[in-house]
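Over in TrEMBL, the protein carries these features:
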type: ACT_SITE; residues: A:C130; note: active site, acyl-thioester intermediate
type: ACT_SITE; residues: A:H250; note: active site, proton acceptor
type: BINDING; residues: A:T13, A:G14, A:A15, A:V16, A:R41, A:S42, A:S160, A:G161, A:N324; note: NADP(+) binding site
type: BINDING; residues: A:R101; note: phosphate binding site
type: BINDING; residues: A:Q157, A:R243; note: substrate binding site
type: DOMAIN; residues: A:6-121; note: domain 'Semialdehyde dehydrogenase NAD-binding'
There are 2 protein chains.
Amino acid sequence: MTKSYHVAVVGATGAVGTQMIQLLEDVTFPIKEVSFLSSARSAGKKLTFRGEEVVIKEATPDSFAGVDIALFSAGGSISERFAKDAVAHGAIVIDNTSAFRMHPDVPLVVPEVNPEALRDHKGIIANPNCSTIQMVAALQPIRAAYGLNRIIVSTYQAVSGSGIQAIEELQTQSQAILSGEEFTPAVMPVKGDKKHFQIAFNALPQIDVFTDNDYTYEEMKMVNETKKIMSDASMKVAATCVRIPVITGHSESVYIEVEQDNVKVSEIQELLRNAPGVVLEDDTANQVYPHAASSAGKKEVFVGRVRHDLDDSKGFHMWIVSDNLLKGAAWNSIQIAESLIEQEII
Amino acid sequence: MTKSYHVAVVGATGAVGTQMIQLLEDVTFPIKEVSFLSSARSAGKKLTFRGEEVVIKEATPDSFAGVDIALFSAGGSISERFAKDAVAHGAIVIDNTSAFRMHPDVPLVVPEVNPEALRDHKGIIANPNCSTIQMVAALQPIRAAYGLNRIIVSTYQAVSGSGIQAIEELQTQSQAILSGEEFTPAVMPVKGDKKHFQIAFNALPQIDVFTDNDYTYEEMKMVNETKKIMSDASMKVAATCVRIPVITGHSESVYIEVEQDNVKVSEIQELLRNAPGVVLEDDTANQVYPHAASSAGKKEVFVGRVRHDLDDSKGFHMWIVSDNLLKGAAWNSIQIAESLIEQEII
């Protein structure tokens, strides 16, 4: 008998939770029941799932009775509060927040890169940061073939990574500027930080708050998570993370240095053309390259502008784009659930 | 007797020409006469300069009789057509287009970096590309103190670098998207190229057309102009140039490697704090960093987010922002004129 699963989504009304629920409609594994959970504020709202009405309930420690897979995306504090309850009830938690990502007992997984790490789970599995996921998914085939010594990345990140309030702020602020009206920034770059700046028609070099080393947490997530996912603490990784006025779709300007000599651009392009979850869009003669607007709503990671560094024979530049709510969050979480089932871990 | 100058502006109605005329109002050197020149289409329009009405005239070879300084910013083909006429009439041409920048007989000048190059002029002086100017102005003090081996830059460039049509497209397209209306991209990324893509709420990794090596002309301008301005053909320079939905103000994520060992971030910050034309805005604890919206309308180059690379002791990252129409174009041209006069070259 094929096993059927009870799946919970915590943060069901958020930007990522909404996407998770849509993606669950079409998963390949059998679903016997869903629980859509939220804060008390959103509880009672109704959603339609596979043609049936589902009432959103307030998340409590007992919400996870009978749940097999619990997808969390309601902020780190909610994950810290309820993940252990879910695990105690026998669920496997797939957590989209940064709460557990660097915990040594928690696998941090991008299924195209390190699905084997799922076997070591102790109840909680972490979904990496959006900007990390798309980068490692694109770089993994290159690393597997030629080795990878160094990554320098500058990001062009969409506001939806900061949630629905950030999307609303970008829209209302853009309209205010176009109409010549006053506005007061209140959400970006970081809702909980001291100062807020204009995001419409601007670029802000701050995502998440600053750490003691003058990098932001977002930048250090890219550094530390990349090393963990790729199991290579010695890899050189540096990041500059920048918020730009895009609603959905993160773009990344990535420089890499491979280990092997004499690698050709055409070889890297061929690897990416055949890599799982990656789409090569790279034909400069015909202006073919990915961009946020062309990638939003799609599950894959798109790569273009692959070219040799002009000075370093082992250096290459490329442009990596993906939907930050899908592959960067909801879709990667769903893929982790599918991989757990395919590997018969659950 | 103090000399007084006849100054011509070619491209008087363009995005940069308009800024040049505004800046000429306040220059320190005496102006005895101005000639504002344009295409036949804009000829006859009237501008006010220092309280007097000036009629814009169509540029012809004879427009430059008696002109001492001719500021060109009407596109490369206009410069190619008329610059020699201006020189033949005895004017010094300061050209803001890319027409003559890499010509060995043409000084390419950022006055904070290489004012001495002006002495070798043969009638034409080139103003560098906007994205190059702000970068070399910020890096020059670091290079002078510690040497500079390598630059890797990813840009976040405003649409006004593509002229008034690009600004209008960003505005009307943004409004269409906010209103849920259809739109057809027609200008960006490059008006004269085959395809056009959405620029509102998007990021396009193409500025200018592509060259044979899969870099764009804009990227190769940054590479070649930086080497020429800094008189160092062996410096490693790589660029990824990206257009984002900002009206005015280019931002740059810049990685550098210095030659000297044991350079401290605080030393670089101190250099930048005291550098001519540069303003250090760098205090992460108080969310102080430059951004396009805070820099637009100002003449200086703003630098923040200075931090050590996490792996390479000679590596540093920083964020460089400037108004692309001012220091990136009109103001640098005016500064060249001022420097010619200060150095008694004219």
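Just so it is clear, glycine is given a Cβ too, placed from its N, Cα and C backbone atoms.
Because TrEMBL annotations are produced automatically, they should be read as predictions rather than curated entries.
Across the binding-site residues listed here (A:T13, A:Q157, A:S160, A:N324), the residue whose Cβ sits among the most other Cβ atoms within 10 Å is A:N324. Least packed by the Cβ count within 10 Å, out of the recorded positions A:A15, A:C130, is A:A15. Around A:R243 (substrate binding site), the same-chain residues six or more apart in sequence whose CB sits under 8 Å from its CB are A:Q157, A:V159, A:S162, A:M188, A:P189, A:I199, A:A203, A:L204, A:Q206, A:I207, listed in sequence order. Closest in space to A:T13 (NADP(+) binding site), of the recorded positions given as A:R101, A:C130, A:H250, is A:C130, taking the CA atom of each residue. In terms of Cα spacing, the recorded positions A:R101, A:C130, A:H250 that come within 10 Å of A:N324 (NADP(+) binding site) are A:C130, A:H250. The candidate set comprises the recorded positions A:R41, A:R101, A:H250. Of these, A:H250 has the most other Cβ atoms within 10 Å. A:H250 (active site, proton acceptor) sits 30 Å from A:R41 (NADP(+) binding site), taking the Cα positions as reference. Mean pLDDT across the domain 'Semialdehyde dehydrogenase NAD-binding' (A:6-121) comes to 97 in this model. Distance noted between the C-alpha atoms of A:C130 (active site, acyl-thioester intermediate) and A:A15 (NADP(+) binding site) is 13 Å.
A Cα-Cα distance of 28 Å separates A:R41 (NADP(+) binding site) from A:R101 (phosphate binding site). Counting in whole angstrom, the residue listed as 'phosphate binding site' lies 20 from A:A15 (NADP(+) binding site) by their C-alpha atoms.
Break the domain 'Semialdehyde dehydrogenase NAD-binding' (A:6-121) down by DSSP state and the numbers are 33 helix, 32 strand, 51 coil. Binding of NADP(+) is attributed in the record to A:T13, A:G14, A:A15, A:V16, A:R41, A:S42, A:S160, A:G161, A:N324, and the widest Cα separation among these residues amounts to 26 Å.
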